[in-house]
Amino acid sequence: MGLLSIIRKIKRKEKEMRILMVGLDNSGKTTIVLKINGEDTSVISPTLGFNIKTMTYNKYYTLNIWDVGGQRTIRSYWRNYFEQTDGLVWVVDSSDLKKAR
């Protein structure tokens with residue numbers, strides 16, 4: 001996972017990459033994914049499990065964004081999503097001081 005796997009995929013001309021988005025509950029993961037994809041963010045409910053959004057980047061690459069729920073009961077399952085992941089985005093709500101500690 002990480003930069004090395006991305007470089008290998010580029011050299012092999014692989015056009016599909018898996019990006020994992022994790023963070024504590026209510027940190028804004030789903031909002032970020034929807035905004036990037038140009039979708040409505042006026043009504044968002046907590047992610048139970050995970051959501052996958054497929055986006056095309058630069059006409060050449062397909063990004064599969066895995067938006068994983070951040071509730072305390074789900075966090076122990078995060079490790080199951082790391083395999084075959086090319087990049088990780090950790091989302092933090094810096095305005096939530098209680099969770100930042």
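Cβ atoms are placed via backbone N, Cα and C, with glycine included.
According to TrEMBL:
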type: BINDING; residues: Gly23, Leu24, Asp25, Asn26, Ser27, Gly28, Lys29, Thr30, Gly70; note: GTP binding site
type: BINDING; residues: Thr30, Thr47; note: Mg(2+) binding site
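Here the features listed in TrEMBL are painted onto the structure.
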residue	record	DSSP class
Gly23	GTP binding site	strand
Lys29	GTP binding site	helix
Thr47	Mg(2+) binding site	coil
Gly70	GTP binding site	coil
Among the GTP-binding set Gly23, Leu24, Asp25, Asn26, Ser27, Gly28, Lys29, Thr30, Gly70, as the record gives it, the longest Cα-Cα distance in Å: 12
Binding-site residues: Gly23, Gly70 - member with fewest neighbouring CB atoms within 10 Å: Gly23
Spatial neighbours of Ser27 (GTP binding site) that are distant in sequence (at least 6 apart) but have CB under 8 A: Gly70, Val91, Val92, Asp93, Asp96, Lys99
Neighbour-count leader, CB within 10 A, binding-site residues: Thr30, Thr47: Thr30
Distance from Asp25 (GTP binding site) back to Thr47 (Mg(2+) binding site), taken between C-alpha atoms, in Å: 9
Surrounding CB atoms that lie within 10 Å of the CB of Asp25 (GTP binding site), all protein chains: 17
Distance [Cα-Cα, Å, rounded] between Thr30 (Mg(2+) binding site) and Gly23 (GTP binding site): 10
Cβ neighbour count within 10 Å of Lys29 (GTP binding site): 26
